[in-house]
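Colleague: Structure incoming, see below.
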Amino acid sequence: MTTRNTIILAAGKGTRMKSKLYKVLHKVCGKAMVDHVLTQVEKTDMSKIVTVVGYGADEVKSTLGDRTQYALQAEQLGTGHAVLQTEPMLKDEAGTTLIVSGDTPLFRAETFEDLFAYHEAKHAAATILTSMAPDPTGYGRIVRNNIGIVEKIVEQKDANSEEQEIHEINTGVYVFDNQKLFKALHETSNDNAQGEYYLTDVIEILKQQGDIVAAYQMANFDESMGVNDRVALSAATKIMRDRINEAHMRDGVTLIDPATTYIDAGVKIGADTIIEPGVLLKGNTVIGEDCYIGAHSELRNAVLADHVTVTSSLLEDSDMASGSNIGPNSHLRPESHIGPKVHLGNFVEVKKATIGEGTKVGHLTYVGNAKLGRNINVGCGVVFVNYDGKNKHETVVGDDAFIGSNSNLVAPLDVADHSFIAAGSTITDAVNRYDMAIARQRQTNKPNYYQKLPYRGED
């Protein structure tokens with residue numbers, strides 16, 4: 001096997017996207033298109049990877065980091081000109097170079113491997129990746145002679161009626177002999193209507209020199225889909241979503257309705273977990289084995305251990321330990337850490353809090369900036385009052401405490417273990433171990449006062 005390099009073309013602005021975000025940074029299943037391409041390239045054995053950036057260069061670099069080298073195309077003068085910007089990094093390299101666009105998120109590493117293998121087997125100077133398009137309109141056609149050798153690539157606008165009937169199209173992905181690529185690039189011209197240097201001109205130059213130009217036809221046309229507008233972005237997202245969902249199902253995850261299940265590319269799910277319809281799993285969410293994610297739940301960068309149940313709830317940047325459950329209609333906000341066998345019932349909001357093993361927060365409760373120990377009971381309507389108008393303060397509740405319904409815990413506050421807060425109390429001072437705190441007015445009953453009220457109802 002020869003030395004292999006890759007050039008990813010990611011310099012275009014993408015005006016048809018009609019967006020402030022640069023085209024290759026639009027996301028497909030939670031991941032930038034150019035990141036999808038780089039991820040698949042990384043799975044192959046590459047010596048060097050160079051990404052050509054232009055519009056939004058800093059944003060692209062921030063997204064991809066140091067996983068690739070970068071070349072800047074300051075002026076957008078065509079694909080050939082873009083590749084030429086990598087010359088300082090690649091011109092002295094032997095072997096072969098893959099060229100792929102950053103707006104083609106559906107390519108698989110296996111396709112690149114097959115393309116390299118075909119190129120090397122044919123001893124070609126260039127190999128074009130082609131596919132059979134159901135509707136080839138708009139694509140460059142691959143014209144072969146009667147024994148299957150590539151004669152030329154003809155663009156839609158230049159194709160005659162016979163050539164327009166050809167369904168084999170140019171996907172825009174190539175493998176070149178690296179030395180011959182850069183030599184031929186210096187022979188290209190911008191003497192055309194667009195005033196640009198085209199990479200396809202290199203193919204013609206190599207043929208004129210008598211070099212072998214091959215074409216490898218890939219099996220799956222969908223992989224070659226380029227994204228130029230929001231319609232294509234939606235189509236690519238659907239294909240990727242179906243691919244991701246199928247992979248999880250084959251790994252032992254049950255998706256009740258894959259058509260309404262949305263799983264980002266970075267999500268990991270353990271076997272025997274069940275996902276109900278309408279679920280969104282985003283970012284770097286990790287779900288263990290034997291979990292149950294109920295309908296219309298959304299998890300964003302959440303980490304769930306085994307045997308966790310989520311019922312119609314939103315979890316953000318938080319984690320839940322084994323045997324815990326939440327919902328329905330509850331919300332874990334960032335930096336929440338839920339211990340084993342914790343029960344968070346309906347309409348519970350937790351923010352930047354740690355809740356210990358076996359604690360129960362039944363319903364209609366806000367827990368913010370707090371540390372709760374083990375086996376605590378938090379009654380209905382409890383509020384952890386954490387904000388003084390300027391700063392957030394912390395409440396600490398010890399093991400085996402009991403917080404009665406409709407209580408307010410005003411931070412900063414310490415409630416010791418084995419203590420008891422009476423229902424309806426507003427607690428502002430520390431509560432010691434074994435104490436019961438009551439902070440409410442005594443009830444006053446006024447005899448016969450009902451008859452003095454403007455509205456008395458039926459006698």
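Cβ atoms are placed via backbone N, Cα and C, with glycine included.
The active site, proton acceptor annotation in Swiss-Prot covers His363 and rests on sequence analysis. Annotation source Swiss-Prot lists UDP-N-acetyl-alpha-D-glucosamine binding site at 9-12, Lys23, Gln73, 78-79, 101-103, Gly140, Glu155, Asn170, Asn228, Arg333, Lys351, Tyr366, Asn377. The Mg(2+) binding site annotation in Swiss-Prot covers Asp103, Asn228, and the record cites sequence analysis as its basis. According to Swiss-Prot, the feature acetyl-CoA binding site maps to Asn386, Tyr387, Ser405, Ala423, Arg440. Residues or ranges marked as region 'Pyrophosphorylase' by Swiss-Prot on the basis of sequence analysis: 1-230. If you look up Swiss-Prot, you'll see 231-251 marked as region 'Linker'. Annotated region 'N-acetyltransferase' per Swiss-Prot: 252-459, in sequence order.
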Colleague: Rounding to the nearest whole angstrom, report the longest C-alpha distance spanning Asn386, Tyr387, Ser405, Ala423, Arg440, listed for acetyl-CoA.
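Modeller: Per the listed residues, the maximum Cα distance equals 22 Å.
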Colleague: Let's see if you can do this one: DSSP helix, strand and coil counts over the region 'Linker' (231-251), in that order.
Modeller: 20 helix, 0 strand, 1 coil
Colleague: Which has the fewest other Cβ atoms within 10 Å: Leu9, Ala423, the binding-site residues listed?
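Modeller: Ranked by other Cβ atoms within 10 Å, the binding-site residues Leu9, Ala423 bottom out at Ala423.
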Colleague: Which ones, of the recorded positions Asn228, His363, Asn386, Ser405, Ala423, Arg440, have a Cα no more than 10 Å from the Cα of Leu9 (UDP-N-acetyl-alpha-D-glucosamine binding site)?
Modeller: none
Colleague: Nearest of the binding-site residues to Asn228 (Mg(2+) binding site) by CA-CA distance, picking from Gly12, Gly78, Tyr387, Ser405?
Modeller: Gly12
Colleague: Helix, strand or coil at Asn377 (UDP-N-acetyl-alpha-D-glucosamine binding site), per DSSP?
Modeller: strand
Colleague: Round to a whole number and give the Cα-to-Cα distance in Å for the pair Arg333 (UDP-N-acetyl-alpha-D-glucosamine binding site) and Ala423 (acetyl-CoA binding site).
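Modeller: Just about 26 Å between their Cα atoms.
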Colleague: By CA distance, which of the recorded positions (Asp103, His363, Ser405, Ala423, Arg440) lies nearest to Glu155 (UDP-N-acetyl-alpha-D-glucosamine binding site)?
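Modeller: Considering only the listed recorded positions, the nearest one is Asp103.
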Colleague: On a simple 10 Å Cβ count over all chains shown, which one of the binding-site residues Gly12, Gly102 is most densely packed?
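Modeller: Per the Cβ count, the most surrounded site is Gly102.
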Colleague: Among all protein chains shown, how many Cβ atoms are found within 10 Å of the Cβ of Asn386 (acetyl-CoA binding site), not counting that one?
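Modeller: Around the Cβ of Asn386 (acetyl-CoA binding site), 23 other Cβ atoms lie within 10 Å.
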